[in-house]
Amino acid sequence: MIDYETSTAFLGEWGRFQQQVFFLLCLTIIPNGFTALSMVFLADTPPHRCLIPTHLNLTAAWRNSSIPLEVDWSRGGALVPSKCSRYNLEDVLSFSETGLMPGVDVNLSNVATEGCLDGWEYDQSVYMSTITTEWDLVCDDSWKNPLTSSVFFVGVLTGSFISGQLSDRYGRKIVLFVNMAVQTVFTFIQVFSPSWAVFCALFYIVGVGQISNYVAAFVLGTEMLGPRVRTIFSTAGVCLFFAVGYMLLPVFAFFIRDWRMLLLGLSIPGFLFVPFWWLIPESPRWLLSQGKVKEAEAIIRGAAKKNRIEPPPTIFSPLQKELQSEKTTAHNICDLLRSPNIRWLSLTLWLVWNTLSVAYYALSLNTSNLHGNAYFNCFLSATVEEECFSS
């Protein structure tokens, strides 16, 4: 509405109402930060090797030599125990029972190898458990680990397409809170995942809710705030609070080393946003676009009261006449490709956004693979992001 800014100019730019909307909407972004990057700790792969059953009557020498050594180029060519194979246990048991010594009486290079038929044993010095250790997403099943993140981001892609359409139809506020509930509740349900497939299915839904929550909060803030504050909110506000959530992730993960308990801890903050339903109003712009002039005017009058400003007797009457006289035109995503200028701008923005997103998540999701402490690396990455947005 071209007259909306003029009609609501009496509210000012930074009264108590605008401050409340600004900070409450920014707070709703915090869970998005730790949800989007939770895979850094949920799916990290600790050092592992084939499990040698404890009931086997092996000498200490053969138990210590039952895993073949392989060259690890990531460690400068050092020899390390194989992660995915072991010497054939029947042969090893036979050598052990006859008193032969590995490397002395038996040339280990001539001993047959086999896969980890009894599972794996994982180093628990950093994590008590992750989804990788829970469902053995290593060796032949190692492809499932990155696929888990991909499933989440397919959910994000789905939410990106539908969240705008839903908020245009049902309202910004209802879409915001429904998707906050989706993100929170399904993260909580993930705690009880009985299998990797169920975990992925739930993670997809979490991805849909995560981005839909972000988009709805972003749109609601930009529509309710004045031009100057709107710019700060959309460029720095939401990004800073996303980074706050990112910073909280390694803090949660440092104290909660079990993946199920970590998910439980990450889901609990979402329930704290329930009272926000009574504190964040619907977008007056959206209400006007739906012809709900009285509801929009009631919100603006409430804002004026909060800002201790006397509103004019009539606020949207001219807009109401305009709404009654003009026909409503339905729009969809195809409108972004209709005219040459909009088509070129849309394609350029899609390319830039895709490039930035790939680079951002490629770096952020791999902090646990960097040299040093995984928790410190993640926290440092979030701190740098926070500093960049605040500068």
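Including glycine, each Cβ sits where the backbone N, Cα and C put it.
The domain 'Major facilitator superfamily (MFS) profile' annotation in TrEMBL covers 91-391.
Look at TrEMBL and you will find 21-43 (among others) tagged as transmembrane segment.
Per TrEMBL, the feature transmembrane segment maps to 143-162 (among others).
Long-range neighbours of the transmembrane segment (196-220) within the same chain, counting only residues 6 or more positions beyond its ends whose Cβ lies under 8 Å from a Cβ of the stretch, are 25, 28-29, 31-32, 35-36, 131, 135, 137, 144, 147-148, 151-156, 158-160, 162-164, 166-167, 172-173, 175-176, 179-183, 186-187, 189-190, 234, 238, 242, 280, 283. The transmembrane segment annotation in TrEMBL covers 196-220 (among others).
What TrEMBL lists as transmembrane segment is 232-256 (among others). If you look at the transmembrane segment (232-256), the same-chain residues 6 or more away from its ends with a CB under 8 A from one of its CBs are 22, 25-27, 29-38, 40-41, 214, 217-218, 221-222, 225, 262, 265-266, 364, 374-376, 378-379, 381-383, 385-386, 389-390.
As annotated by TrEMBL, transmembrane segment applies to 262-280 (among others). Listed by sequence, the residues of this chain that lie at least six past the ends of the transmembrane segment (262-280) yet keep a Cβ under 8 A from its Cβ atoms are 20-21, 24-25, 27-28, 30-31, 34-35, 38, 41-42, 173, 176-177, 180-181, 183-185, 187-188, 190-191, 220, 249, 252-253, 256.
Taken from TrEMBL, the feature transmembrane segment covers 344-363 (among others). Long-range Cβ contacts of the transmembrane segment (344-363) within its own chain (Cβ-Cβ under 8 Å, at least 6 residues beyond either end) map to 36, 153, 336-337, 381.
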